[in-house]
Amino acid sequence: MKTKIIVIVGPTAVGKTALAIEVAKRFNGEVVSGDSQQVYRGLDIGTAKASPEEQAAVPHHLIDVREITESYSAFDFVSEAKMTIEGIHNRGKLAIIAGGTGLYIQSLLEGYHLGGETPHEEILAYRASLEPYSDEELAHLVDQAGLEIPQFNRRRAMRALEIAHFGQDLENQETLYEPLIICLDDERSQLYERINHRVDLMFEAGLLDEAKWLFDHSPNVQAAKGIGYKELFPYFRGEQTLEEASESLKQATRRFAKRQLTWFRNRMQVTFYQIGESGVQDRILSQIEEFLDD
């Protein structure tokens, strides 16, 4: 029997953390961060981690598990998330995955029991190799492999190519989880206003000092490549004014949010909820209750 989990995704600044905490309180759950940057110790403001008070109210996992000089991959996330979810389930609680790193969450949900000779790491590496291809290029690869995909989309194409590449050993495996995937969204103008406002609040909370610490200690590590830090480095080098760097950060974050939505829309089977609609949280909680009772 597959383990039921709740997955909350969506663009940055849309309210994933707040909803995850509410769901955890309502359904006796624990939150697993699905964010590639929140794993790093010391990067708190720019990654929008749950506050210490929020983490004290509801257990959070996969936050502050790496130093800024260490690397972190989709394979690391899947391996650690699987162990974390198993522990939550064994405690009789509900695992709630919340985050915006689509590749990590998709890899977790499409992770397979591999009893044959194909390690999960190889599958993730192959999947990552397909990411740069456009839809047209993927369709060409599918045709070359002699595969047929009704109602073509990226997720189906990549899955079919994985099966063709690794063979029946992969095709016959079952996924580990039964997920309910909720994707939060907002009207574009409203979302962009939320992003701009959150960046302003981050500066008030000390983002500049946090980014300067990263710039002084490890400007070239993987942790420094995330949105929220590298956009401020030109200011530290004297190449931009603070106002210019702030606007650059807001623009980069808005573009990132757009890419996130495209990912979730095209590559994952999600239920969309507009956060600006009346009663949306009650509808989400009702859907979760029905899912868990089914």
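In case you wondered, yes, glycine gets a Cβ from its N, Cα and C as well.
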Do you know which of 35-38, 51-54, 119-122 Swiss-Prot annotates as region 'Interaction with substrate tRNA'?
35-38
Among all protein chains shown, how many Cβ atoms are found within 10 Å of the Cβ of T12 (ATP binding site), not counting that one?
21
Of all the binding-site residues given, A13, V14, which residue's CB has the most CB neighbours within 10 A?
V14
Which whole-number value in Å describes the distance between the Cα atoms of T17 (ATP binding site) and T101 (site 'Interaction with substrate tRNA')?
13
Let me know how many other Cβ atoms fall within 10 Å of the Cβ of G10 (ATP binding site).
26
I need the least crowded one of these recorded positions (K16, R127), counting other C-beta atoms within 10 angstroms of each C-beta.
R127
Can you tell which of P11, G15 has the least company, meaning the fewest other C-beta atoms within 10 angstroms of its C-beta, among these binding-site residues?
G15
